[in-house]
Amino acid sequence: MYRYLPQSLSSLLLLPPWEDKYGLSFLLGGMGTVLDSHFLALTAIVTVGYQFLFFVITALLKFDKVTDFAGSTNFIILAILTLVVKGSWHFRQIVLTILVALWGLRLGVFLLMRILQWGEDRRFDEMRNNLGKLAVFWIFQAVWVWTVSLPLTIVNASNRNPSIKPQDIIGWIMWSVGIAIEATADQQKLLFKNSPANKGKWCNAGIWKYSRHPNYFGEIFLWWGIFVASTSVLEGAEWLVVFGPVFLTLLLLFVSGIPLLEESADKRFGSMAEYRIYKNITSPLVPLPPAVYGRLPAWFKVAFLFEFPLYSRSFPHEERSN
């Protein structure tokens, strides 16, 4: 009977729920529009609450095996919540929600199974008994989830529903390529580390022959795909959601991703000639044949392939590529 709910809260509350042929989801959608038209406050509140719950579990029980699972599943919750609350069910919204949910489910289950198998998360060795550091970690994780989810949040909150455009197809393809690379890299590294023959070695099997961090490349690429697929509905200030994939890229390139892993690997394997050769001829992020990457000039690697000096702070100076 009603195609749209009133935009005032008072008239919204007067609408008989049984006369709404779209049911509860449509009622929630109207309330969400009244309170927060772009779902920014809604997703922030849900994210903070969800992460705070796991922070309490971690702090009280000293149980940190669910940290990555909490982050990944938070994306799923925001994706489904914003889709249901809006209740418009546009094809683009459904597709992007499914893509983000699939990514979050795969990554969450993989990381949970891996940490349960390994038995400990060394990142928390210095945090378990330091409530301040632990709180900073969970705050940062909440910021990460909310920020990276922005493109999908805005798409699911939008009333615009243009026909499928080339950027939609391009974005979906980017997501498909990215998740295939990320999932393949994760599985290959897990199998490599689980083999007793590889104890004390760095992973250079499969796609790891072509990139030192192919899983990060896949994750960055798929989230840029989500952004590209969202651009057909963006208007005005909504384009600021580009900060989502930008934030993720900067995070993995300069903060908690590649720099930490490069420093750790250099300290463990830097004295091995084979490792130094591997690092000199293998791209840090974008998969490339070693024969090609190893011959590129240093300035080109820095400018276009993210071979930044901070990745070699613990690397023997005389062995760095020219």
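Cβ from N, Cα, C; glycine included.
According to TrEMBL, the protein has these features:
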type	residues	note
TRANSMEM	39-61	transmembrane segment
TRANSMEM	68-85	transmembrane segment
TRANSMEM	91-113	transmembrane segment
TRANSMEM	134-157	transmembrane segment
TRANSMEM	216-234	transmembrane segment
TRANSMEM	240-261	transmembrane segment
What stretch, picked from 39-61, 91-113, 240-261, has the most CB pairs under 8 A with the transmembrane segment (134-157)?
39-61
Which listed range (39-61, 91-113, 240-261) shows the maximal number of Cβ pairs under 8 Å with respect to the transmembrane segment (68-85)?
91-113
Using a Cβ-Cβ cut-off of under 8 Å, list the residues of the same chain that are 6+ residues beyond the ends of the transmembrane segment (240-261) and lie near it.
144, 147-151, 153-154, 212-213, 216, 219-220, 223-224, 226-227, 230, 234, 284-285, 306, 308, 310-311
